[in-house]
Amino acid sequence: MGIDVQAILDGFLTTIQPMNLFWIALGGFLGTVVGMLPGLGPATAIALLIPITFGMEPTSALILMAAIYYGAMYGGSRSSILLNTPGDGSAIAATFDGYPMAQKGQAGQALAISAIASLIGGLIAVVGFIVLAKPLASFALRFGPAEYFLLMVFTLSAIVALAKGQMVKGFISMCIGLMISTVGIDLQTGVYRFTMGNVHLSEGIDFLVVIIGIYAVGEVLYNFLSINKPVGEKKSVGKIWITKEQWKRSKWPIIRNGPIGFLIGVLPGAGGAIASMLSYSLEKQVSKHPEEFGEGAIEGLAAPESSNNAAAVGAFIPMLAMGIPGSGTTAVILGAIVMLGLKPGPLLFENNPDMVWTFINSMFIGNLFLVILNIALVGILVKILDTPPRVLYPVIMMLAFIGTYTLGYSTVDFLILIIFGFVGLFMKMLNFPVAPLILAVIVGSDMEQNFRMSLISYPNAIGILTASPITIALVIMTIVSLGLPFLSSWLKKRKAQKNNSEAM
Amino acid sequence: MKKIVGVAALSFALILGACSSDNAGEKDDSDFPKKNLEFIAPATPGGGWDATARAIQKILKEEDIVDQSMTVINKPGGNGEVGWQYLSKKDAHTMAIDSSLLITNNLLGQSDLTYEEFTPLATLTTEWISVAVKNGSPYETATDLMEQLKKDPASIKIGIAPGLGNNDHLSFVKAAKTFGVDVTKLNFLVYESGGDVMTSLLGGHVDVATMAVSESSEQHLAGKFKIVAISADERLEELPDVPTWKEEGVDMVFPHWRGILGPPDMTEDEIAYWNEAFGEMVETDSWKELLENNGWEDFYQDSTETTEFLKEQKEMYTELIDESGLQK
């Protein structure tokens, strides 16, 4: 594409037209709100807005829809941190350390760092977009069925390895998730699996219903068990700004994981959930205090937040440069802008450079706006923690049911929601990690289909593993991520033994 | 004896006549529609069916073709099945988007509904289906490709979406079958969406792919892969260099149409109302613009023509699915 400074400036001038600024602000605000509500994700919000965009200038429509998308990335982590109920797949990783931080009385700081991390991740990705859109688009094409399959195996292995000391429980959790993902029509043969004659199940169980069930409903049920116990002293929400020490700890994780999230976002089909989970597990592996992860380590929140916002920006590259939607949300956006007469694809950058640059500039301004908005909201949002459970939990339940209904417009999902609410409750009581289950439900079906397709392309499993340099790298990374926890504990033991023998 | 039969038949006819005029009297068709209209998109918001329904709703309202207010409602699930099930229990103030899935769902054993139970109101658009080969493919033309498949049907990886028994799949099966290929041995890689198929063809992970022309034409024009045939009856304006299957010696035209379906048992007057309304709609500029933006072709047929068309389509799909080796 070549970087044309004049074009960038022109795009900037179009972006700061009052009307476009208004769309950015409106989209960012809507995105933050729907991101916060469990189940109501950006895809639903944008789909419902499509009739409104019919009369709009295509560029403005794109600006508005994109702002909703990355706005939801900011909003999604709000409910993860405050209520332990992620609004979306990409906000799950924010529960790992964000919720513990809130419980330690650092809710304000958690909200602040996640907004800052999102901003920096987003900006890194926008710069990446400007410099690398075209080459990355063609790199993403090298991911075929074998590569996707192994990328998903790697992600699952990384998330299972996180559950240190209880890897077996992690595996069980993952296997349940994989089994759930087999429900529905099998693409390669057209055979219906485990649908029990129910039409609605033919498209499988929506992972968002599983997320809402396990987290939102499960959390409410869990708290219900202790609702009549006297409430302890009022939880402090802490300062709303981070300390120097916290910034020092999260600075590098944020900067490191921006590019990682961006690269994963560019891969069609991978998306924010995979990006944020991988970033979290990477940070835990390289951290000097891995034992603090899961107990409220600030870098454990900063890393995935930077990563998932960068992934949202990256997902626009295949959409605009190749006309390929990289995620559910970009698929909806793509459909909407096609209706308006834009033709995303390899010719878009040549035919509509002004539109592309206006869009990129809008992401710069949008991210700045969102960080201001979200930090301004911190003071109000932390009040949620003061809300008495008798008021808060019915509201969460109601939102969970509304969100679920908007996903498939079916009451069958209510039943699934309740079932997974109890699954979540039991897993919590028995201390099973839930993340492997959720991630397995998200990637399971794609992983299986990609495996089956690779078996057509390569004669056997070994052929899949060694199909390309990318697959070999992914295999090695998988082995390392599963082996590392064992290796490090073995080394520690050896060291301890050595010390012991020296002491004797 | 004959006389008695005659009288019985006559009186039977009279009773029938009385009954039907009773119905007509109750309904008072002259002022149809007399309440809010429901327009079912049998899909989630944001998909192609939903967008089509909303665009139609907007044009019918803005051009003052339909006075009554009209609501689009989403009934996703089971390739349209949920929405059409819902429609089958409603009165004449309801209609739904339909496509060939209405026929194929039934033939594949996934649905008990048949088009005969409903009142077909119109066929509106079609998309043509393209077959493309990756860059650097040894097959320059569709004929080359088919010759190879005839020699060894399993030697080529064909990317399709979003499922077996779908138009993109069956149009390829039909072309291959017409050419004399053993279609039960073809190697299909089934992707979840048209976008995924495109990615895999661009990356060379499949050799051939079928896609709607609207999905593939930009990449063809940019030289990222090559469309070797389209399922239309003549060459398309935007792709003057791409031959039709007919030109490649395969006698086949395969539309991917979308239309409007009404509930069972609509009256003549109600049907006439929609014939007029849709007839007027397809002449408007905003409709033409919608077609152009989406890469759809005008395929308008009124209720009677559509009923005839669906009958032909059903025969065609029945034969095709029987011979494709699909599991039912």
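One is the number of the first residue shown, and numbering goes on along the chain from there.
Cβ atoms are placed via backbone N, Cα and C, with glycine included.
According to TrEMBL, the feature domain 'DUF112' maps to A:21-439.
The transmembrane segment feature in TrEMBL is assigned to A:21-40 (among others).
For A:46-70 (among others), the entry in TrEMBL reads transmembrane segment.
Taken from TrEMBL, the feature transmembrane segment covers A:110-133 (among others).
Annotation comment: TrEMBL describes A:145-163 (among others) as transmembrane segment.
Summarising the annotation, TrEMBL assigns transmembrane segment to A:170-187 (among others).
Outside the transmembrane segment (A:207-225), and at least 6 residues removed from its termini, the chain residues within Cβ reach (under 8 Å) are 38-39, 41, 83-86, 88-89, 92, 95, 180, 389, 393, 396-397, 399-400, 403-404, 407-408, 413, 416-425, 427-429, 434, 437-438, 441-442. Residues annotated as transmembrane segment in TrEMBL: A:207-225 (among others).
Among the features that TrEMBL reports, transmembrane segment is placed at A:258-280 (among others). Sequence-distant neighbours of the transmembrane segment (A:258-280) (same chain, 6+ residues past either end, Cβ-Cβ under 8 Å): 73, 88-94, 96, 120-121, 123-125, 128-129, 136-137, 139-140, 143, 148, 151-152, 155, 158-159, 162, 293, 300, 303-315, 317-318, 324-327, 435, 439, 442-443, 446.
Feature annotation from TrEMBL assigns transmembrane segment to A:315-342 (among others).
The annotation transmembrane segment is assigned in TrEMBL to A:363-385 (among others).
Remote same-chain partners of the transmembrane segment (A:391-408), defined as residues 6 or more beyond its termini with a Cβ less than 8 Å from a stretch Cβ, comprise 37-40, 44, 83, 85, 200, 203, 206, 208-209, 212-213, 216-217, 219-220, 223-224, 227, 384, 414, 417. If you look up TrEMBL, you'll see A:391-408 (among others) marked as transmembrane segment.
Remote same-chain partners of the transmembrane segment (A:415-442), defined as residues 6 or more beyond its termini with a Cβ less than 8 Å from a stretch Cβ, comprise 89, 92-93, 96, 155-156, 159-160, 162-163, 166, 169-178, 180-181, 205, 207, 209-222, 273-274, 277, 400-401, 404. For A:415-442 (among others), the entry in TrEMBL reads transmembrane segment.
Residues annotated as transmembrane segment in TrEMBL: A:462-487 (among others).
Counting only same-chain residues 6+ beyond the ends of the transmembrane segment (A:110-133), those with a CB under 8 A from a CB of the stretch are 1, 3, 8, 70, 73-74, 77-78, 81-82, 94, 98, 101-102, 240-242, 246, 250, 254-255, 257-259, 261-262, 265, 298, 301-303, 305-314, 316-317, 320-321, 349, 360, 363-364, 367-368, 370-371, 374-375, 378, 381-382. Highest Cβ contact count with the transmembrane segment (A:363-385) among the listed stretches A:21-40, A:145-163, A:170-187, A:315-342, A:462-487 falls to A:21-40 (criterion: pairs under 8 Å).
Fewer than three CB pairs closer than 8 A are found between the transmembrane segment (A:315-342) and the transmembrane segment (A:21-40), and contact between the two stretches is not assigned (pairs 6 or more residues apart). Taking the domain 'DUF112' (A:21-439) as a whole, pLDDT averages 87 in the prediction. Beyond its flanks by at least six residues, the transmembrane segment (A:145-163) meets 169-171, 173-174, 267, 269-270, 274, 277-278, 280-282, 284, 433, 435-436, 439-440, 443, 446-447, 450-451, 453-454, 457-458, 464-465, 467-468, 470-471, 474-475, 477-478, 481-482, 484-485 of its own chain at Cβ-Cβ distances under 8 Å.
Counting only same-chain residues 6+ beyond the ends of the transmembrane segment (A:46-70), those with a CB under 8 A from a CB of the stretch are 14-15, 19-20, 23-28, 30-31, 34, 122, 309, 312-313, 316, 329-330, 332-333, 335-337, 339-342, 354-355, 358-359, 362-363, 366-367, 370. Long-range contacts of the transmembrane segment (A:21-40) within the same chain: residues 15, 60, 63-76, 78-79, 85-88, 91, 208-209, 211-212, 215-216, 362, 365-366, 369-370, 373-374, 377, 396, 399-400, 402-404, 406-407, each at least 6 residues beyond the stretch ends and with a Cβ under 8 Å from a Cβ of the stretch.
Long-range contacts of the transmembrane segment (A:170-187) within its own chain (CB-CB distance under 8 A, at least 6 residues past either end) are made by residues 156, 159-163, 193-195, 201-205, 210, 427, 432-441, 443-445, 447-449.
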